[in-house]
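Here's the structure, in structure tokens; my notes come after.
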Amino acid sequence: MGASVALTFLLLLATFRAGSGHDEVETRECIYYNANWELEKTNQSGVERLVEGKKDKRLHCYASWRNNSGFIELVKKGCWLDDFNCYDRQECIAKEENPQVFFCCCEGNYCNKKFTHLPEVETFDPKPQPSASVLNILIYSLLPIVGLSMAILLAFWMYRHRKPSYGHVEINEDPGLPPPSPLVGLKPLQLLDIKARGRFGCVWKARLLNEYVAVKIFPVQDKQSWQCEKEIFTTPGMKHENLLEFIAAEKRGSNLEMELWLITAFHDKGSLTDYLKGNLVSWNELCHITETMARGLAYLHEDVPRCKGEGHKPAIAHRDFKSKNVLLRNDLTAILADFGLAVRFEPGKPPGDTHGQVGTRRYMAPEVLEGAINFQRDSFLRIDMYAMGLVLWEIVSRCTAADGPVDEYLLPFEEEIGQHPSLEDLQEVVVHKKIRPVFKDHWLKHPGLAQLCVTIEECWDHDAEARLSAGCVEERISQIRKSVNGTTSDCLVSIVTSVTNVDLPPKESSI
């Protein structure tokens, strides 16, 4: 009797401890497998253990595989964190009809050891056929109504398609997504952490199967910006080594909880602004960043009649060009991003929303600050070139090539009017006083930087028509790099007068 009571007490105590421990931490053990273990330098198989300290988070196991003509090719197995699609599933069952990659998840230790594919089958409930007399009555009764409805729908369709292409996008409109990428809808797509916040939303680093991607999430009230950026990305000819790679556009949720996603390539080094804040650049790095940045903007501005078999690529103005919207690859190649304010110039079509004062205030050209814009294609391209001049100055300010100190990173005009200038501050400095960021004296003693400073001045010229084109800037930087790197460090002439003897590409703009 005493032994029985003691055993009961011990069982109750163990149950209490297990229950209290479950409130604090949950543990999940899953079968682990990685088909790309050699490339990712991980184990090929085994057991994965996941511990979560938050009580409201549930832990799951998952499996993903391909079916190649009946041959099952396992892709990955492992632990998965808090997905409502996995709740209360004891077995790992994929229900999609015929995806490119099958995915299933479940709850319970080692529940992903076995996995199956059971597509959902639609049930069909046959109903008795109506008699011939009833059928005739229905046909003769409904035929006029159907005909009238079709006439009304046709008239409405014709009316809508006579409106300009770039009208305001109402929240209940669904303009349709671009042709789906092979990656759209594939699981697992897992948001990892926020990398940036901007005017129209936030950018997440996410994992899509075996690669990292960037997911830009717009709230539903910014649908117009999402729609604009999606249309720019899906314009023919937008695949270029110096433009951000587009993967997919998706809608998540419904009604007021709807989120609008843009999925693009992820670049771990982040923006040019972030890189310059924490790093100095050498002469060769400066040349590589500036030349590839100019190449990307030149291609964006270019009108290509027939681009790589994709159709006509129109000229596109960025309208928010700044160092924050220039990303860097690992080799410091520049990538242009954030086309939420961009505008296309297609022959015979209105350019859409060409409201003058858009973009980031600090990078606005004098004519934008004055509100005196000529709403033509060339005017918008020249506004981008003014902003490029400021970004070039930012890069030069962090270059170690000159024989002198390198200051801490500053935004354009930060030294003159601080970090948060008003529109009136910029109008006074940029428009009325015609002030531009300062060139340090020791920059002008380096032959390459001195020539680049001349190019910068011709980018931010107060007279918009006198500004260089992006293609001319690319060509100039290429020639400057070759002229400087073609001499030895012992033979570099460090006086400004020597710079004036170098033939630069003509100032004539191709805009």
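Just so you know, glycine gets a Cβ as well, placed from its N, Cα and C.
The feature signal peptide is assigned by Swiss-Prot to 1-20, with sequence analysis given as support. Residues or ranges marked as topological domain 'Extracellular' by Swiss-Prot: 21-136. According to Swiss-Prot, the disulfide bond annotation covers Cys30-Cys61, Cys86-Cys105, Cys92-Cys104, Cys106-Cys111, on the basis of similarity to another entry. As annotated by Swiss-Prot, N-linked glycosylation site applies to Asn43, Asn67, with the evidence given as sequence analysis. The transmembrane segment feature in Swiss-Prot is assigned to 137-157. Summarising the annotation, Swiss-Prot assigns topological domain 'Cytoplasmic' to 158-511. Look at Swiss-Prot and you will find 189-477 tagged as domain 'Protein kinase', backed by sequence analysis. Residues or ranges marked as ATP binding site by Swiss-Prot on the basis of sequence analysis: Lys195, Ala196, Arg197, Gly198, Arg199, Phe200, Gly201, Cys202, Val203, Lys216. Annotation source Swiss-Prot lists active site, proton acceptor at Asp320, citing sequence analysis.
Among the record's ATP binders, Lys195, Ala196, Arg197, Gly198, Arg199, Phe200, Gly201, Cys202, Val203, Lys216, no two C-alpha atoms are more than 14 Å apart, and one pair sits at exactly that spread. Over all protein chains present, the Cβ of Cys92 (disulfide bond) has 25 other Cβ atoms lying within 10 Å. Each residue contributes its Cα atom, and for Arg199 (ATP binding site) and Cys92 (disulfide bond) those atoms are 41 Å apart. The glycosylation sites examined here are Asn43, Asn67; by Cβ neighbour count within 10 Å, the least packed of them is Asn43. Taking the Cα atom of each, Asn67 (N-linked glycosylation site) and Val203 (ATP binding site) are about 33 angstrom apart. Same-chain neighbours of the ATP site beyond Lys195, Ala196, Arg197, Gly198, Arg199, Phe200, Gly201, Cys202, Val203, Lys216, judged by a C-beta within 8 angstroms of the site's C-beta center, are, in sequence order, Ile217.
According to DSSP, the secondary structure content of the topological domain 'Extracellular' (21-136) in residues is 16 helix, 49 strand, 51 coil. The two recorded residues, Cys105 (disulfide bond) and Lys195 (ATP binding site), show a Cα separation of 28 Å. Other C-beta atoms found within 10 angstroms of the C-beta of Gly201 (ATP binding site) number 21, with every protein chain shown included. For Cys92 (disulfide bond), the nearest of the recorded positions Cys30, Cys106, Asp320 in terms of C-alpha separation is Cys106. In terms of local Cβ density within 10 Å, Lys195 ranks first among the binding-site residues Lys195, Arg199.
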